[in-house]
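Pulled from Swiss-Prot, these are the features on record:
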BINDING   567, 571, 669, 673  Zn(2+) binding site
């Protein structure tokens, strides 16, 4: 077996499959583009779904890739086991309707065992297969595998809902008896027992059926085009090749671990307790790549995942004695390890470090708050004479403040207490069940459409005309190819078309189909790309249409031009965002409609009013400069040399279209654009908002819509000016300031009157002093308009020696408000209000000297007042 670095293993994989006619598909962003079913790219095949379900036919049906992926459904096991990771690389080879079982198995065996390639000892390899899949069993024997190394497994069948499915065959590497202390042997494989001896290194999925949840598996129909989908974990392959005990002792992780040793002064013990080193090494990889791809820490979705990873890694740093931000210092090491195939981490190093360090500092503050919360729990339990921290409280410390249960146990131990581990585990299980139920999962790939896949006629899009004559080369009605259609809805393909098919964020053209006499025979209501790349026109048929006849295709030119203005404005906006916010503000999605444009981009905070103004100003300046818009078709490498911006998630062919706007913007784009920015006329941002952690959205309008937006604002201002009796609109701010000053004065006078009224009322209330067990107290219902007045009562009470304790209750609206104030240490206002609040179906809390509660049961107010004496 060859000794190879991780970079060499990855490259050897790609090189081997290239010799078998595969195209190398670049690794794409971890943040899915145009796929709402996925939280993260979680496998090598996730980016190829469009090929497997037949939505798009690839240029080359043979594909290979090395794809970064994230899975976070098992975070708690990372660091505890030898092979669990949150971020990993999947090596894959794929056949989209081309080769199948025989070639996939033969080539897999060649790559693994050939001296030219990985050169694994054949006797170390074992394969599992689906019991009914005799063809795979026989093929493994034909390539030279000993039958005793072939293990039937009932679970070796891959399917997720409706869509492509089929048996799979897995390849395992036997690391020997040293990793099988109980000498269980092949039962470990046959019974799927978790073990460190037989390491799964590759799974080959033979996608040959269209799964249908409504019927038994035996009744699944064969796919019109069978596929191969494989996945080999790079980390596992490298561990086997480098003879590492775990994935962490490879060149993918050890440089990070060595840096952690330097920062902590601790030494990584391969056979000892090294969990913290593993957690940090794994999590900083995920953080570096995900942030580099535009995801940012937050409170939901991807952001919550990243925040949880960072906090977990940070806590493990503290276990190693690192008590200051340190994770950001590991980013360069991650970048250097992966630089040969993933240069983006080093390219975005400064930005990634900034985000990680900022989040570490924020967590330090949160941790401080959590410690206060924990101390409050301990103090509360001591007062009640209890010694067990409830599972729900342990879980809150874990979930809200990032406290590992072990840290809470340490706090409890110092206080002579214990924690309710079972209650904590139950709360954790509930959260995991909720997460599984609501998780965004990669659903089925969808059923293949055989009719559309079989249409291979040529169809060309003409950018340069709004009307042309073309032959009708395909008609689809009721999901079948037909020779003619006379009514209803149909899908048409022409040899040439002037209609733009929806893609790249630009909506489709609408228009009409006319016959030779000029009669309208169909209206075009949508245009989409067919699997083989043709423009598929959805039409409402008004008169008979026949195959191979010439028709005139006429788009709605006014509609197209409005869309073009918005699309070109989108490019200007993208460039302005880079200039004003920074290069990290890259496109995360766009929509160029008729009446507006929508642009999503990565940014870690709300865009300020000043920044929005500058962005809008810069876009308009470029419009008024009347910059020429040019398009050129070239190869992808030349385009990149020109400096054209390529977008994550977009699939580019060998030939690409480059759109330049003066010397201001240059992007790869297949859409339609105006010839000169002056055609846009005017640009106005109408809304900026967050749509997820680290992603912002701008809605904007151009041309007539922009003018109307300004007119609407002007009309509103004029109406306000009239209401304020301001002679001119520009005087509105001054008038508003005057009103605000009047309001402040009235509020001040009102507060003074309330204070006087409260003082007068307090004179009577404060006379009603009772005493029990040596404590003087006042408990009374008062009539006030808001809870703030209760505090005014309390402030007056504090100034004189009326009593030791004050309890005030007020019915405000349909609610009940309670205030408890104390002047002595042995009467804790916060604890007392917690005991009283349930009487009025409420709850509350606060400090030892003052606390408040709210409830809803007004008939129980007197009962609450009567209960005070019993609490003293």
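Every residue, even glycine, has its Cβ placed from backbone N, Cα and C.
Neighbour density for residue 567 (Zn(2+) binding site): within 10 A of its CB lie 25 other CB atoms from the protein chains shown.
The Cβ of residue 669 (Zn(2+) binding site) has 24 other Cβ atoms within 10 Å, all protein chains considered.
Under a cutoff of 8 A between CB atoms, and with a sequence separation of 6+ in the same chain, the neighbours of residue 571 (Zn(2+) binding site) are 659, 661, 665, 667, 669, 673. Counted within 10 Å of its Cβ, the other Cβ atoms near residue 673 (Zn(2+) binding site) come to 24, all protein chains included. Annotated Zn(2+) site 567, 571, 669, 673; additional same-chain residues within 8 Å of its Cβ mean position, judged by their own Cβ, are 564, 568, 570, 592, 629, 659, 667, 671, 672.
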